[in-house]
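According to Swiss-Prot, the features are:
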ACT_SITE  Asp94  active site, proton donor/acceptor
ACT_SITE  Lys156  active site, schiff-base intermediate with acetaldehyde
ACT_SITE  Lys185  active site, proton donor/acceptor
Amino acid sequence: MPLSNAQLAQTIDHTLLAPDASDAQIRELCRQAAEHRFYSVCVNSANVPLAARELAETGVLVCAVVGFPLGAGLSAAKAFEATAAIAAGAGEIDMVINLGALKSGRADDVKADIDAVHRACGTVPLKVILETGLLTDDEKVRVCEMCRDLGVAFVKTSTGFGHGGATLADVALMRRTVGPTLGVKASGGVRDRAAALAMLEAGATRLGTSSGVAIVTDQGGGAAGY
């Protein structure tokens, strides 16, 4: 059965992660999210307080990114950022893994990094960003297995700032690896309705995009960037 606009909107994290995003742009993001009933807005942690105020009483969540976009900070810093973002009003957290540790074969350190943020989140859902464009398929599977074992809420393809974005092949691989219990978030390059529906068909359950309005109104090409 085809998804209605309302159902499609509930798969979307309406996203603005530009480092120079102004207060006015964050307010407009939130206005659009409330109007179209998106699942959440996804913003940098410094913008969480404003977004939380703008979205109070709307039912739209605020999602904050942590260790973004490089993932190369200390685990303690990532955990602190997650805790502070939640205290400021974030209802979900998207973290970037330690890619250097993964590439160096330090799988235990990668898992410990994820676990530190997961613990800091408590009951708040955690999405773990793999940055799939930089990983081999074996590395993607390894991180997905870690996330499955730790019981995080979602695995996520990309930051939208690195090399490449979400691909159908990566979404399908991630879904096969984590099974039916974890969410899969496709992000980076999902800019129109056809791409969004294809990602959902491949196994995604959430979409990170700056083109949410274009997707749900079927206006064709969406915002450049994320």
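Using the three backbone atoms N, Cα and C, a Cβ is placed for every residue, glycine included.
The CA atom of Lys156 (active site, schiff-base intermediate with acetaldehyde) is located 4 Å away from the CA atom of Lys185 (active site, proton donor/acceptor).
The CA atom of Asp94 (active site, proton donor/acceptor) is located 10 Å away from the CA atom of Lys185 (active site, proton donor/acceptor). Remark: Lys185 (active site, proton donor/acceptor) has Asp13, Asp94, Lys127, Phe154, Val155, Lys156, Thr157, Ala204, Thr205, Arg206, Leu207, Gly208 as non-local neighbours, by Cβ distance under 8 Å and separation of at least 6 in sequence.
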